[in-house]
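Trainee: Sharing a structure below in structure tokens format, with a few things to ask.
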Amino acid sequence: MSTLEIIILALLQGLTEFLPISSSAHLILPSQVLGWQDQGLAFDVAVHVGTLLAVMMYFRKELGVMAVAWLGTVGVGPEKGRGGFDAKLSWWILLATIPAGLFGLLGKDFIEEHLRSALVIAMTTLLFGFLLGFADIKAGKRTEHKPMEKLGLKGAMLIGLAQAVALIPGTSRSGITMTIGLMLGLSRDNAARFSFLLSIPAIAMAGSYLTLKLILSTESVDWFAMGLGSLLAFVSAYACIHYFLILLEKLGMMPFVIYRLILGVGLLWFIL
């Protein structure tokens, strides 16, 4: 890859991982539409590491509290036996990650062979864009929103199942999990925060899988591309999370819905 391609793809990964517009679609499309070469396993690992570090850094305080509370539920640390909402939230996040892990393990070959196409991306971009818009309109009309404490394990698992569907390119992991969060009555801010916390084990699993594939492969490693890609993905992802949460209550999801509809229609026009 050229340095320009590294910069563009790393920034795309960082910006689109947490916006409801599908990071996988934006990484697949350059190779299919522009004819760029596949970025390779090593680069995939690098940008996953960058985005994972960004979301963990941004939510470091919440993660610290949740980790201590979770350890207390298994009889370890100062919160031993206390429980509380942070402990529940930790368990919800862990359990809600299982569907995506199972779906990814069982369906990865089918997805790679049959669903990584511009047509699939166009259709999922449009379909789940409409659903996001519907959920956002409903959320905007509500006078009261369900606090995250009232989400419950059932609600968390529904969001987790949605995250599994997001393995289909073009769906958007953050987009569909926020959509279900909004449909379940969460505010835009809480739907986004739960989605971002849920992304941590999901990105970690994906990164670990790619790392294992890289170790077992004979692919050469471009350390410059990995380092630059990881750094740019980290910076862009951190900035994206920060400003997205600031602007979300003011702008809602509609700017992203409009973008998805334009992208989906544009892709259909390009390929048909």
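Using N, Cα and C of the backbone, Cβ positions are placed for all residues, glycine too.
The transmembrane segment feature in Swiss-Prot is assigned to 1-21, 39-59, 91-111, 117-137, 151-171, 196-216, 228-248, 251-271; the stated evidence is sequence analysis.
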Trainee: Rank 1-21, 196-216, 251-271 by Cβ pairs under 8 Å to the transmembrane segment (39-59) and hand me the top one.
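Mentor: The stretch I would name here is 196-216.
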Trainee: Counting Cβ pairs closer than 8 Å, which of 91-111, 151-171, 196-216 has the most of them with the transmembrane segment (117-137)?
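Mentor: Looking at each of 91-111, 151-171, 196-216 in turn, the most contacts to the transmembrane segment (117-137) are made by 151-171.
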Trainee: Mind pulling out the one from 91-111, 196-216, 228-248 with the most Cβ pairs under 8 angstroms to the transmembrane segment (151-171)?
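Mentor: Top-ranked stretch among 91-111, 196-216, 228-248: 91-111.
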Trainee: Mark yes when the transmembrane segment (196-216) and the transmembrane segment (91-111) have three or more Cβ pairs under 8 Å (sequence separation 6 or more) and no when they do not.
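Mentor: Answer yes, regions in contact.
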Trainee: Quickly jot the same-chain residues contacting the transmembrane segment (1-21) by Cβ under 8 Å, restricted to those at least six beyond its ends, or write none.
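Mentor: Sequence-distant neighbours of the transmembrane segment (1-21): 27, 30, 36-37, 39-40, 43, 46-48, 50-51, 54-55, 125, 132, 172-175, 178-179, 196, 199, 203, 222, 225, 228-241, 244, 253, 256, 259-260, 263.
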